[in-house]
Amino acid sequence: MADRRTFNVVILGLGFLFIFTAFTTCGNVEQTVVKSLQNNTFTGSGYHSLGIIYGVFSFANLLAPTVVAVIGPKCTMFLSGLLYSGYIAVFIIPSTWSFYLTSVLIGIGAAMLWTAQGHFLVENSEASTINRNTGVFWALLQCSMLFGNLYIYFDWNGKTEISDSSRKNIFVSLLVTSVLGTLSFLVLRKSHHAEELLSEEEGQSLLSPRTIYKQRANSAVEDAKLEFRTMLQLLKTKTILLLSPCMAYSGLELSFYSGVYGTCIGATAQFGASAKGLIGISGIVVGIGEIVGGGLFGLLCKNNRFRRTSVVFLGMLVHFVAFYFIFLNIPDDAPVVFYTSSQSKPYLAPSVSIALLCSFLLGLGDSCFNTQLYSILGCVYAEQSAPAFAIFKFIQSVFAAVAFFYSGYILLKWQLLLMVILGFTGTLCFFVVERVQNLSVDLPEY
């Protein structure tokens, strides 16, 4: 039985590794790809597409638990994987309508995929194995930032323009990778718990499959209503209100490191022929920062309030240092230029070493904020963790969507200033919540 559960967790991690190798790489380069399209009829924006994805994702999360409860996590993950693959496929023969349609669909698919993943991981874990299984899954997932971006580096290094043939080769490879990840979900086996539930349903009476699914749907709808009411109640608590700026900041910096910063590096004319290839290396270094931070702060510092505030403060400092160097090292118009490279000159002569150092710091700082937000929510809302995490993902995704929409219109310095202001405010509010936690014994009852 343990072997079956371990097998399921490893296959789950590999499936996500393949799918997000494709999607993370796509998100990192898509604005650069869109800018290089030799197609006068295509009017889409990579920033707008990512904004749509995160916007739809934030609201689709409210319906996802119902879908997973009705059709099961395995089927949900497989169907969601097909939506991810469809989005990747659009870049092979791009058209504006399919680009934005699949952006909406993948936003829905992402909500279903992550809800099903959480359900399936818990279903295949026990109290004694949940930490190990979560660690195995996240270790495999974080590696998704390495392989696709490495391919981008080798393929784009030395190129000033991305040809149609190069684009097609890349996205065919990413499509195959995503499809392999999707197909791997079909190999997942039913857990012992799922088999027990199934035999229970079958033993109750000779009900038709339609009746059984109807019962599941009714039960899922009631559970969804109850969770939604709980979310509304939690939104009124001072803990969630105080943590909201920190959650919002995590959305802004998520959009910056996952889609905007790579585009800025690729648009920096002073990097010459190596600029496009550096997008891939930047994505790899961000991933290394995430892995290092997640390992150090997620595992070593969990459930320790003093360290939790220390890690968030470190995350703020790391990000502010990165923002300062980016301000000095990257041209101000890099995120907004479309058909050309940047025209303005930064304060310093652009340095590849500084650019990649900033990539590492962005990943490291992101892991600081995310691991500690999960930690504090799990501590304060131990009995209501699902709706609390749903609120976190909702706020984070909404602000990530907003950031992607303005990123193509606002100069780099103003984007950095906005993140500094919100990051500082969010860190202060996080400290207040920790202080209140130490002084109040009634807060966990919220």
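Cβ from N, Cα, C; glycine included.
Pulled from TrEMBL:
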TRANSMEM  7-25  transmembrane segment
TRANSMEM  45-64  transmembrane segment
TRANSMEM  76-93  transmembrane segment
TRANSMEM  99-122  transmembrane segment
TRANSMEM  134-154  transmembrane segment
TRANSMEM  170-188  transmembrane segment
TRANSMEM  239-257  transmembrane segment
TRANSMEM  277-299  transmembrane segment
TRANSMEM  311-327  transmembrane segment
TRANSMEM  347-365  transmembrane segment
TRANSMEM  386-406  transmembrane segment
TRANSMEM  412-433  transmembrane segment
When you check the transmembrane segment (347-365) against the transmembrane segment (386-406), do you get at least 3 Cβ pairs under 8 Å, counting only pairs 6 or more apart in sequence?
no
Count the CB pairs under 8 A between the transmembrane segment (134-154) and each of 7-25, 45-64, 76-93, 277-299, then give me the winner.
277-299
Candidates 45-64, 170-188, 277-299, 412-433; stretch with most C-beta pairs under 8 Å toward the transmembrane segment (76-93):
170-188
So, does the transmembrane segment (99-122) come close enough to the transmembrane segment (7-25) to give 3+ Cβ pairs below 8 Å, pairs being at least 6 apart in sequence?
yes
Among the recorded stretches 99-122, 170-188, 277-299, 412-433, which has the greatest number of Cβ pairs closer than 8 Å to the transmembrane segment (45-64)?
99-122
Determine which residues of the chain contact the transmembrane segment (277-299) at the Cβ level, with the cut-off under 8 Å and only residues 6 or more beyond its ends counted.
24-25, 28-29, 32, 135, 138-139, 142-146, 148-159, 257-258, 261-263, 265-266, 271, 311, 352, 355-356, 359-368, 371-372
So what's near the transmembrane segment (170-188) in sequence-distant terms, Cβ-Cβ under 8 Å and 6+ beyond its ends?
8, 11-12, 14-23, 25-26, 74, 77-78, 81-82, 84-85, 88-89, 91-92, 120, 148, 151-152, 155
